[in-house]
C-alpha cells in the first residue's frame with residue numbers, strides 16, 4: 001500500500017489518487033454478449049442448453065431444478081450450516097421487514113386528497129454467480145427482500161451444478177423456480193423469457209464481466225428488463241484515529257482485497273503511527289491468507305492517506321464515496337451525521353465488514369465505483385414501486401380549478417384546461 005500525506009498534494013493530485021481505474025469491458029465482450037442475447041431470443045430453450053454445455057461444460061438433464069432436487073440438497077447439508085443460514089435469514093428478514101413503506105394520505109387543500117401506495121414488482125429475476133465457492137449469502141440478500149415485498153414470481157438462475165447451500169436458501173425464501181443457467185444466457189432468458197424460463201420485470205445480482213454487460217444491454221432495451229444498479233469492483237475505506245486497533249484494520253482491508261485484484265482498499269487516518277502499524281500488520285496477516293496472491297494485487301494499487309484531522313478524513317471519504325465505510329475512532333457514532341456518501345457503514349471496533357456481508361441484517365448488495373452519490377444499498381424499496389392516487393370532491397375541483405387553468409394556459413395546453421373547465425361548467429349549471 002502506498003502512503004501519501006493529503007496536505008502535500010495539489011488539488012489535481014488529490015483528485016487523481018482518488019480516481020478509480022476505468023472499467024473497460026472491451027468491444028469483444030460487448031459483441032459476444034450481444035450474440036448470446038440474440039441467440040437466446042431467437043432459439044429459446046435450445047440455445048440455453050447449447051450455451052450451458054459450451055460455457056459451463058455441463059449438460060443438464062433439465063433447465064429447471066425440481067422440488068425433489070431442492071429437498072435432497074437440504075437433506076445433504078449439515079445442521080451447523082443450516083443453522084448459520086437460518087440465523088442470517090432471520091436477521092436479514094427482521095431488518096428488511098422494518099423497511100415496509102407505510103401508505104401516505106394527505107388532504108392538500110379542502111376536497112383534494114392525495115395518496116401514495118406501494119406495490120411489489122410483479123416478477124423479478126435473481127442471478128447468483130457460480131465459481132469455486134457457493135454464494136448463499138447473495139441468495140439471502142436478494143431472496144429475502146423479494147419475499148417480504150411480495151413479488152408474485154421470483155426466478156433464480158445460477159450456473160450448474162448449483163450448490164446445496166444455494167438451493168437450501170432458495171427454499172427458505174420460497175423460491176421454487178430455479179434454473180441451471182449462468183452467464184449472459186441466464187440474463188437473456190430472464191429478460192426476454194423462453195419456452196421454460198419466465199420473463200421477469202427486473203433482474204438483480206452480481207456477476208462477471210459478461211453478466212454485467214448482459215444486464216446493461218437488456219436494461220437498455222425496452223423489451224428487456226430493468227436492473228438493480230450499475231456494477232463495479234468491490235471497495236472499502238477505513239476512517240481511523242490513534243485509538244484504533246491496527247490488527248483489526250489490517251484484517252478489514254485484507255477481507256476486501258481478497259475479493260479480486262481490482263478491489264479498492266483505502267485507509268484514511270490523522271495518525272502516521274497508526275498508518276505504519278497497519279502497514280506492518282497487513283504484511284504479517286497476508287502471509288496466512290489462502291488468497292494472498294489476489295489480495296497482493298489489490299493492495300498494490302491501494303492507499304493509506306494521512307489526513308490533518310478526522311474532519312478532513314470525513315471530507316475525503318465523502319468525496320470518494322466508498323461501497324463499504326468502516327469507522328474505527330474514539331467516538332464513531334459522532335461522525336455518522338457528517339457522512340454523506342457510502343453504501344454501508346460499519347461503526348466501531350466490533351463491526352467488521354464481514355458481518356454485513358453475511359448476517360447482521362443489512363444488505364450486502366451495495367453501490368460501488370462512486371455510485372453511492374446517487375444510489376442506495378439494496379432494500380425492500382428496490383423490489384417495489386410507488387403509485388400515487390388523487391381524489392377530488394366537486395368543491396375541491398372548483399377550489400383548485402383556477403390554479404390549473406392558469407398554468408395550463410401558460411403552457412399552451414388547451415385540452416388540459418378544458419378537462420377542468422368542462423367539469424366546472426357542469427357544476428355551475430347544476431347550482
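Cβ coordinates come from backbone N, Cα and C, glycine included.
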Substrate site partner of 256, 259, 324, 357, 411, 416 (as recorded in Swiss-Prot), chosen from 234, 301, 384: 234
Residue with minimal Cβ packing [other Cβ atoms within 10 Å] among the binding-site residues 185, 208, 234, 256: 208
Least buried by Cβ count (within 10 Å) of the recorded positions 259, 324, 416: 416
Rounded inter-Cα distance in Å - residue 357 (substrate binding site), residue 324 (active site, proton acceptor): 10
C-alpha spacing of residue 127 (NAD(+) binding site) relative to residue 416 (substrate binding site), in angstrom: 45
Recorded positions listed as 323, 357, 411, least Cβ neighbours within 10 Å: 411
C-alpha spacing of residue 323 (active site, proton acceptor) relative to residue 127 (NAD(+) binding site), in angstrom: 20
